[in-house]
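For reference, the structure is listed below as structure tokens.
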Amino acid sequence: MRYLTSGESHGPQLTVIVEGVPANLEIKVEDINKEMFKRQGGYGRGRRMQIEKDTVEIVSGVRNGYTLGSPITMVVTNDDFTHWRKIMGAAPISDEERENMKRTITKPRPGHADLVGGMKYNHRDLRNVLERSSARETAARVAVGALCKVLLEQLDIEIYSRVVEIGGIKDKDFYDSETFKANLDRNDVRVIDDGIAQAMRDKIDEAKNDGDSIGGVVQVVVENMPVGVGSYVHYDRKLDGRIAQGVVSINAFKGVSFGEGFKAAEKPGSEIQDEILYNTELGYYRGSNHLGGLEGGMSNGMPIIVNGVMKPIPTLYKPLNSVDINTKEDFKATIERSDSCAVPAASIVCEHVVAFEIAKALLEEFQSNHIEQLQQQIADRRQLNVEF
């Protein structure tokens, strides 16, 4: 399975084409739109979320509610394009018109793609960079992930997410599965402890009042994964490596870990390796899950636990020093409308990116021309965990 997105932040629409989805999978557009709505929420979001009400239109690959096995095309309209039609349209405009609209950007923002992207593609107007490098593109990726979540649900695989940390304010590292699932989306910062939620809101407000931004840590959990998905044979087929690449490809994500992650460096091996147990009902399982459900680049049947680190958003209302690329003079960087904290929304994006990587790995592991074939093969693999 693979996908390709297109579109700019203030262009007319985002488009995504997904190839490799099995035939006969029931798809309801409202299920995808429900996930799109989640991405737009969260404390600390900017004013654009009041303008955009993201919904998906499926224009190919689905007929009468079921996938055909052919490429699926989805479109997300940018409602804000009405205010940008001339400056972001495909039709040529004069230099005078461009200057009068005052949308040309020559002062790159530190921490953004502006300057390096301008160098790479020889853009003297850095808007040509920031329009595509914007996190607006993640709306299309969430649409893909939502499609994948429908697929995973049909395979009895659950995936969900939460916020672990914002600006140094931390929730617990781990919760049991039932507590986790029972408290999803209980508040607007997506943490389970309400007291910690208020402390996070206060931290976000403090950053906003200072014209600053803050980052954090999110966690994604995948449950009921069949064993042996991925590979120990080749580096590029290791499941944890593929998930890691997907996570750090999300805008502003700078780190990823699994299970106890970097804390494993602080402990002896006897406290980190997960002992192997067996009973006739479950088959093989682990007495703990310090490694986050992954051994040797493969799923081991335990919940896969993914932690992603998001840096503070680089667009600041008290901008840092930069240099005008035309005059080479020092200036404060350009200010674009932005969030003060997007960590709650980023947890949704991360969840859907992981959903795609999991679905892709499953479709490579098992024959998957149609959903019934895939369901049977995964059932056989689950039985192998008992019979081996």
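Including glycine, each Cβ sits where the backbone N, Cα and C put it.
Taken from Swiss-Prot, the feature NADP(+) binding site applies to ARG39, ARG45, supported by sequence analysis. A coil conformation is recorded for ARG45 (NADP(+) binding site) in the three-state DSSP classification, outside any helix or strand.
The annotation FMN binding site is assigned in Swiss-Prot to ARG132, SER133, SER134, ASN251, ALA252, GLY296, LYS311, PRO312, ILE313, PRO314, THR315, ARG337 on the grounds of sequence analysis. Take the CB of THR315 (FMN binding site) and look out to 10 A: across all protein chains shown you find 22 other CB atoms.
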Looking only at C-alpha atoms, tell me how far ARG45 (NADP(+) binding site) is from ILE313 (FMN binding site), rounded to the nearest Å.
11
Around the Cβ of LYS311 (FMN binding site), the count of other Cβ atoms that are within 10 Å:
15
Would you say which of the binding-site residues ALA252, ILE313 has the most Cβ atoms within 10 Å of its own Cβ?
ILE313
Chain-internal residues near ARG39 (NADP(+) binding site), provided their CB is under 8 angstroms and they sit 6+ positions away:
ASP54, THR138, ALA139, VAL142, ALA345, ILE348, VAL349, HIS352
Any idea what DSSP makes of SER134 (FMN binding site), helix, strand or coil?
coil
Helix, strand or coil for ARG39 (NADP(+) binding site)? Use DSSP.
helix
With every protein chain in view, what's the tally of Cβ atoms within 10 Å of the Cβ of ARG45 (NADP(+) binding site), excluding that atom itself?
20
